[in-house]
Amino acid sequence: LLTGNGLTSLPPSLAVAEQEASVTSLTTKRYILRFPALETLMLDDNKLSNPNCFVSLAGLKRLKKLSLDQNRIFRIPYLQQVQLRDGSGDWVGGRGSPRKQPQSMLQSKSWIYEASDDQPDYTILPMKKDVDRTEVVFSSYPGFSTSETTKVCALPPIFAILPVALFPSLCELIFHNNPLVAHTRGVPPLLKSFLQERVGIHLIRRKIVKAKHHILMPRKDSRKVKTQVPKVPKQPMILPHPSVMIKSPSKEMLESEAELTTEPPPTKTISVEREMPIEGLGGPPMPHRTFVPLPPICSDSTVHSEETSPRSDAAGRLSADQLSDEDTKSTESIFLTQVSGLSSSIFQRDDSEIKEKEQRPPSTAPREAKRTQKKPPSASFPRKYHGYEELLTAKPDRPCSTCVKHPLVYRSSKPRLDTLQKHYVPKEKRTRRIPVPPRRKTRAQLLDDILIRMRDTQNITEAPLGAVLRQRTEQRLVNQKQFLEAKKLLKEFRARYRRLVRCSLRSVFGTTAPPQARPALSGSQPKLGRFLEFMDEFYQEPTASDLKG
């Protein structure tokens, strides 16, 4: 295993080594195989590019699997087969059977695949056009002849794998991720028919990728959306409070009002109070009204403002239509805030108070003016919000308030909505105690256990005889071997009992023929086992001397 070592070349004496001169004579040379039993060689993920590396591998006669992936190999040379003598005197041949020759000199022989009828099935011809490109000369290696040029087949680059057939016992070749097969796909039919089907070399030119298991995501029923949630409007629907429309007159109008207010009629304040809610809610719709802004608030002088409506019958009041353009331009605007959250009970109370005041005699104007400032207008809802009056009169719902105070936070897929849920509190993680590993046995103890197991190889199964014999037919089929052993044991007990009875009768009556033995006890009787155990313990079979006497 030489994976990922960054090797650029292999030593020439990797597989075959020459003996020393002291051992051999000067006239003869002998070579020894270094790895005669090597069958698998992994040279993947290296930088092998020189064809000389195949010269180093040519002496491995039992090489079956060769891995050359992720290297820089662009061709494999054709090597002349040379017969070598190993230490035992055998000649190293090719895929054919090795043979011996009396000569000790190296004899080169061209490689030709011969069939059974001694005629060449195929031959390898050299390329005549470009000899320098295909010629490979190995001058320093003693085991291969360099007298003849290397023969290369005039085929596309993928056919440079054909010289692999010269390896005697090669069965599998892995050569992907090399320049040799970088620009081609698949195995050509010629290589497949020759190398795989004839010679028996399995070619692997693609990296084997293990199939990944398909990831299945479980579908949970709780995650399915079965109902459509209605769209929430951007602006919530809120019942608006009746807006107050106020006008600010000019200086001339203020002076005229001052003259009129010196002698106010007693019924004027009542009409203003009754007209205020009508103007706010019962009057014309919002887009048709004329809004008049308020003047700036001054601390020195007080500004009197009044509200007018087209329905008012009070004389001496100026309406918004009578204002001139100059007066409206001279005024400044002030924004009023909307009061929300008022219950309808307040509005109903104001309506009842207004009715009582209408029935009562009118009082002084300043007191009534102070009261009007404190009382809000009555509630009269427009048609747009018809049907929502109960929202203002409804009492607070206790279940709703508890749901708001206790939000539902679940960690389970099926929560119980009929009960109050507790807040999720994460549990503290507790570290588990690591179990103490058993004490490791020494080598002597392990060896003793192995010897004990080898010595005692019997497997003993204890079972009551009566329970095994009383089993049903279904259980007998399951434990058929156990039932047969119990039946055989019962047969032996019966034979031993008969033998005991015969021996006892012979000892009593002498040579007289014993009477016919009674049938043995059935195996279903529970006392049979105890009786046989008692007889085996206290009775010994009679010897030959006892029988003679």
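In case you wondered, yes, glycine gets a Cβ from its N, Cα and C as well.
Feature list (source: Swiss-Prot):
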- 480-500: coiled coil (COILED)
- 227-236: compositional bias 'Low complexity' (COMPBIAS)
- 348-360: compositional bias 'Basic and acidic residues' (COMPBIAS)
- 221-242: region 'Disordered' (REGION)
- 277-329: region 'Disordered' (REGION)
- 347-384: region 'Disordered' (REGION)
- 37-58: repeat 'LRR 1' (REPEAT)
- 62-83: repeat 'LRR 2' (REPEAT)
Determine how many residues of the repeat 'LRR 1' (37-58) DSSP places in helix, in strand and in coil.
6 helix, 3 strand, 13 coil
Can you count helix, strand and coil residues in the compositional bias 'Low complexity' (227-236) using DSSP?
0 helix, 0 strand, 10 coil
For the repeat 'LRR 2' (62-83), report the average pLDDT of the model, please.
78
